[in-house]
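According to TrEMBL, the protein carries these features:
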{"type": "DOMAIN", "residues": "11-46", "note": "domain 'EF-hand'"}
{"type": "DOMAIN", "residues": "97-132", "note": "domain 'EF-hand'"}
{"type": "DOMAIN", "residues": "185-220", "note": "domain 'EF-hand'"}
């Protein structure tokens, strides 16, 4: 089935998802190693069988990865190679060029501040992107984009996207949240940290309090976080704030490994 899709002049959103899942054999969110080499080989064969030349993007991709057995690509890299209908995932990339812009969009579309983008919120997000790009669409197509995007990024299959899941849309070099995955804390530790750095005990952190926390985190986790990136980290995280007030629930999206809105375990 994937081979037939690769022969298409244009690939639909759902076909793209099938192709990605076909080659991402271990389900880790990347096509890598033997998976990637298999994809390159079958892409070349499929285009030849269909009487189609490789596009310039495909040629550049093959040249870069054909002999690189250690390489891996994610969803966003794949969508730039394949002739995906409307390039629906690239609407995100066009809108969200940095982690700070991503955080601002997150705050805007997580309308109920639940800490998740649910299906109806994601649909509104995609609708706005399509309108901004002046792309024609109908309700059926919008539903397909919403369903496919959820299936791609909803790694725990709960029907909604957390901050880390949706951040996979960002290029790795812009996605500092990938690094923060390695310094996340359990709820009890996170609450202690929040209370320690909320020095005036007003229930939120301001920019100076967050700066102090980030400096200490970088010092403690030198192999993961970079001190010279503190301004970038701070700008992006403060984009989640309410007029410069970074509340516990917003900071928890970045630093807490548990859902602090859920009942605490007994």
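One-based numbering along the chain as shown.
Cβ atoms here come from the backbone N, Cα and C positions, even for glycine.
Mapped onto DSSP classes, the domain 'EF-hand' (97-132) shows 25 helix, 3 strand, 8 coil. Across the domain 'EF-hand' (185-220), DSSP helix (H, G, I), strand (E, B) and coil residues number 25 helix, 3 strand, 8 coil.
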